[in-house]
Structure formats: C-alpha cells, structure tokens
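A.B. asks: Handing you a structure now.
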Amino acid sequence: TLSAQGVNSHAVTQLFIMSSEEVSPASGTEEETINDNSPAATEETLPDAPAEEGADAAAKDGDAAAAEPKAKKKRTPKPKKPIEAPKIQKASGYPKTADMIIYAIESLGERKGSSVQGIKNFILKTYPTVKKEKLKKMLKATLPLCVDQGAIIRPDGQEDMAAMAGRYKLVKAAKSTNPSCEEMVVAAVGAMDERKGATVNSIKAWILDNYDHVRPEMLRHQVRIGLTKAQAKGTVAPHTPGKEGAKVSLAARWHIKGEAKKELLKKQADDRKAEAAKKKAAAARAPAKKKAAPPKAKKAAARKKPAPKAAPKKAAPKRRRR
C-alpha cells in the first residue's frame, strides 16, 4: 500500500510539473505583448491612432501657416469732405455765375485745371434751368472778374489767353503762418533767460501772452511735444540731465542750448544796437535847449520911509446955553 501511495504521489508531481511548463510559455507571450513598445505594437493595440494622426497633421498645417508672412491690411482712404453747393437764387432758379464756376472747378477736381467746355457741361448738367445760349455770355463776363478777384487762377503759360480759352484752377489756401510747438518753446525758454532755467509754467505763461492762436486746454500737450523735438535737436536741455531715452519731464527746468543760444545772443545784441541808434536819432532830432541865464542878484529892497503921523484933531468947543 505504501509503495502504491508513493507511486501515485510521484505521478501527481510529474503531472503538476508538466502542466506548469505548458502554462509558462503562454504567460511569457502575454508579458511580451504587454511590454512590447514598438511602433507596430502601438499601432495594433491603440484604437485612437487615427485621431492622433489627424491632430499631428493639423499642428503641421498650423506651423506652416504661421511660417507664411501675414498679408498686410489695406488702408482705407479717409472719405473726402462733401463739397457744399452754392445757394440757389429764387428769381433766376440757379446760383450766381461766379459761385457756379467755383463749384464746377472744385467738383471736377482736375489737376491741370478745368477747361471752359468742362465748366459749361457741368453747369448745364447740374442746373438745368440755366439757358445754354445765355451761359456763354455769362462765363465770358464772369471768368475774368473771378481771376481779378483772386478766386481762380490760370495755369502757367495761359495768362495771356482769351477768357473762353484755356483752363482755370482754384487758388490754394495759404498755409498757416503760426509757429510750431518747437519754435514757441524755444522762443519762450530763450526769453526767460533764468539762471536756474525756465519752468514749464513760466513757458506756458509766456506763450499765452505772446501767441493768440494757442488754446489753453491744448497748451500742456504742445509744450511736451515742443520740448521733446527741441531736446532731440539740441536746442534746449534740462537743468539736470536725466536718463537717455527717457520721456520729457515737465517738472524740470530748461535752458536754451546750441545754435538757438547763438542766434538768441546775436538777436539780443542787434536789439540793443537798434535801441541805442533810436535813442541817438531821437536826441539829434530834438531842438537844442537854450542855456538858462544865471540868476540875477536880487536888489536890496529900498526901505520905505514911515509915513508921518497925523496930528491929533482938536476937540470942537462946546456951545454955551443961553
């Protein structure tokens, strides 16, 4: 019995060993599939691979788009101000001839000027009440008057042409003669001529006193711009220089420098010479004053003799009573 039990136990152990050997290769293949990180394995095992490929393609497209230069935005031109039409007269049904001429030239806007035929066509199209047979006489009489008054001019080389020939142009508005912010600031700093420098408040006060076109609410901004430009050109400088590239300090004091200072000193010398010459000319024109005669010695006043005293009057005799 014992021998039979031993045989049976030996057979069981052999069977257990064989079964374990058969299972171990399968477990090994499972481990290999789990630990395999090759591209082929990931493509086969991961179900979301197509989505990732689409994301990568989109990222590449985005990088390519970023690498391309951005298209410049086109600037839209500012709309021009509408041209005001002249007032229509009630009696005739159309404006004055001079107003129609100026309106036609301004509306046509030709660089070389508008021809007489172009002006006629514009007037007839814009104002149908104007009679065509009268318009020629109206233009012939009014065009020379507009030229004489300075409203319109002839292009170069057409001054001697007949009134109904050639072209006509509008007179350009004269440019403003007001000084710039820089010129006003330099003039103010030079006029202050303070030892410690001119303050911004004193500059503003001087500008308001000497320039009528300046608006007080815009003066602070104009002074800042003027100081910035003048400092860049070296015509003014702060009393205590700050950092390079820093903004202009409105709390600083300012001196005039460089060529502007030389011009100021020269101007001051010329003004002193002119003032001295005026005084000299005025003194020469004035009549010479007569020399005053020496004071005469006062004569001793003659002593008046005292008037004789009047003799006392005698008393009248008393009358006796009878």
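In case you wondered, yes, glycine gets a Cβ from its N, Cα and C as well.
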A.B. asks: Checking feature assignment: region 'Disordered' per TrEMBL, candidates 205-263, 264-322. Which range matches?
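C.D. replies: Of 205-263, 264-322, TrEMBL gives region 'Disordered' for 264-322.
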A.B. asks: As a quick check of your reading of DSSP, tell me how many residues in the domain 'H15' (177-252) are helical, how many are strand and how many are coil.
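C.D. replies: Residue counts for the domain 'H15' (177-252) by secondary structure: 41 helix, 4 strand, 31 coil.
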A.B. asks: I'd like to know the mean pLDDT over the domain 'H15' (93-172).
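C.D. replies: Averaged over the domain 'H15' (93-172), per-residue pLDDT gives 91.
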